[in-house]
């Protein structure tokens, strides 16, 4: 095997791991929603969309054989992860400052009118308020865990893009 083949195989493993991590995080969100009765707010649903996008892009990139296609999809993953970091940070700010609000009355109709909310209402319909603080897991609030997840994904993908930047030219 040459260096190119080894590098692309390593990259595929990373991308498959990212995809499966996103599936696990979404499964955890559904567990909290249906078993623990922790209703998702508009910002929670937006974060779910970002995790879905990251997972889809990761699985697509894992199936591509050329570096340029992988690079484009990894760039899309980085953009989605950055959006997730921003959304989770905003959500965490709202929960840590009791007087703040996510603007439920303006965000909820927008999020609920998106097509996936019509196709999969059990996963993408808003049912809670952003200000509602649920019990922390290991001392960290749910938006904090989401922020950590998005940040780790962003760092991993940006590091991968940086590591393989020369493969695009050659």
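Even glycines carry a Cβ here, placed using N, Cα and C.
Not measured: the values here are computed from a predicted model.
Within 10 Å of the C-beta of residue 44 (disulfide bond) we count 26 further C-beta atoms, all protein chains included. The annotation disulfide bond is assigned in Swiss-Prot to 41-44 (among others) on the grounds of sequence analysis.
Among the features that Swiss-Prot reports, disulfide bond is placed at 102-130 (among others). DSSP gives residue 130 (disulfide bond) a coil state; it is part of no helix or strand.
Looking only at the topological domain 'Cytoplasmic' (1-14), the predicted model's pLDDT averages out at 76. Under the heading topological domain 'Cytoplasmic', Swiss-Prot lists 1-14 (among others), citing sequence analysis as support.
The feature topological domain 'Periplasmic' is assigned by Swiss-Prot to 32-49 (among others), with sequence analysis given as support.
Taken from Swiss-Prot, the feature topological domain 'Cytoplasmic' covers 65-71 (among others). DSSP places the residues of the topological domain 'Cytoplasmic' (65-71) in helix, strand and coil in these numbers: 5 helix, 0 strand, 2 coil.
Among the features that Swiss-Prot reports, topological domain 'Periplasmic' is placed at 90-144 (among others), with the record citing sequence analysis. Here the topological domain 'Periplasmic' (90-144) is broken down by DSSP into helix, strand and coil counts: 29 helix, 2 strand, 24 coil.
Sequence annotations record features per position, and here Swiss-Prot assigns topological domain 'Cytoplasmic' to 164-170 (among others) based on sequence analysis.
If you look up Swiss-Prot, you'll see 15-31 (among others) marked as transmembrane segment, on the strength of sequence analysis.
Feature annotation from Swiss-Prot assigns transmembrane segment to 50-64 (among others).
According to Swiss-Prot, the feature transmembrane segment maps to 72-89 (among others), an assignment based on sequence analysis. Tertiary neighbourhood of the transmembrane segment (72-89): same-chain residues 15, 18, 43, 46-47, 50-51, 53-54, 57-58, 60-61, 64, 143-144, 146-147, 149-151, 153-154, 157-158, 160-161, selected by CB-CB distance under 8 Å and a gap of 6+ residues from either end.
Taken from Swiss-Prot, the feature transmembrane segment applies to 145-163 (among others), supported by sequence analysis. For the transmembrane segment (145-163), same-chain residues at least 6 beyond its ends with a Cβ under 8 Å from one of its own Cβ atoms are 11, 14, 18, 21, 25, 47, 50-51, 54, 71, 74-75, 77-78, 81-82, 84-85, 88-89, 91-92, 137.
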Residue 41 (disulfide bond) and residue 130 (disulfide bond), compared by Cα position, are separated in whole Å by 5
